[in-house]
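Accompanying notes for the structure given below.
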Amino acid sequence: MANGNFTRVTEFILIGVSERPDLQIPLFFVFLVIYGLTVTGNLSIITLTSVDSRLQTPMYFFLRHLAMVNLGNSTVIAPKMLINFLVKKHTISFYECAIQLGGFLVFIVAEIFVLAVMAYDRYVAICNPLLYMAVVSRRICLLLVSLTYLYSFSTSIVTSFSVFSMAYCSFNVINHFYCDIVPLLALSCSNTSFPETVVFISASTNLMFSITVVVASYFNIIVSILRIRSSEGRKRAFSTCASHMTAVSVFYGTLLFMYLQPRNNHSLETDKMASVFYTLVIPMLNPMIYSLRNKDVKAALKRFLTNSCC
């Protein structure tokens, strides 16, 4: 297939969210607002959990890294997407495309594992409160986060290399708003069985491990909460993990909707809409979820604003 009269691809064309010219400017402003809220919300979480002495606990340490991952994931996708709304030629170079896919994979894999680590943190806090500071010490927190980033970076390198080691000839139009694996492999003019296997093993392993940790953690959390006799105690225990449960439900709900739908109903348009949600909307929602449902974060924000004005 790759030996004929084909021209090697040096750039790709991104179709974007919509091909309709009349929607480009309205969509630009919609996604500009989404990205603006994402940057503002996640930078606020990062700042508050860094400077406020009352938020120097393992839970907020992991929340800070979730905000960093969300900000990174959105920033890898949104700027190029916003530019393409305003220009006629939606091109992205071969190497820029590879970097975008690599960055996306780093942050999406990191988010999967940070959410799992946060679930484990809540499990220890509720089920073994007396051992909490020993089990989730600062050293353990740094180790878990370091391993998460190391693993996500390694996964990104292996997966991106397997995808971009394929031959891409002549046809270069990607039916997506960023360089994603499925639409890229659909353009390849060589055998894609190896990268497809790599992607399947990596995605299934990551999701199964993360979901297992989250489900096991919350099963034990719920059992422990139900054993608490006072309603006030149950309410207090539940409130410490309600924000994370909401964030986990939204994130995994989107991924499971995308990957578990019947194959005959599966389409690139559906993938595109799901991708909008977990690359742009969820990173915007997470700071709101953790701020609106968390008294400590709201109190820290008030203190920060008060000190800034003085």
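Note: Cβ is positioned from N, Cα and C throughout, glycine not excepted.
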In TrEMBL, one of 61-78, 151-168, 169-186 is tagged transmembrane segment. Which stretch would that be?
61-78
Out of 27-49, 119-141, let me know the one TrEMBL marks transmembrane segment.
27-49
Which of 27-49, 98-118, 207-226 has the most Cβ pairs closer than 8 Å to the transmembrane segment (238-261)?
207-226
Stretch of maximal Cβ-Cβ contact with the transmembrane segment (27-49) [cut-off: under 8 Å; candidates 61-78, 98-118, 207-226]:
61-78
Would you mind giving the whole-number mean pLDDT across the domain 'G-protein coupled receptors family 1 profile' (41-290)?
87
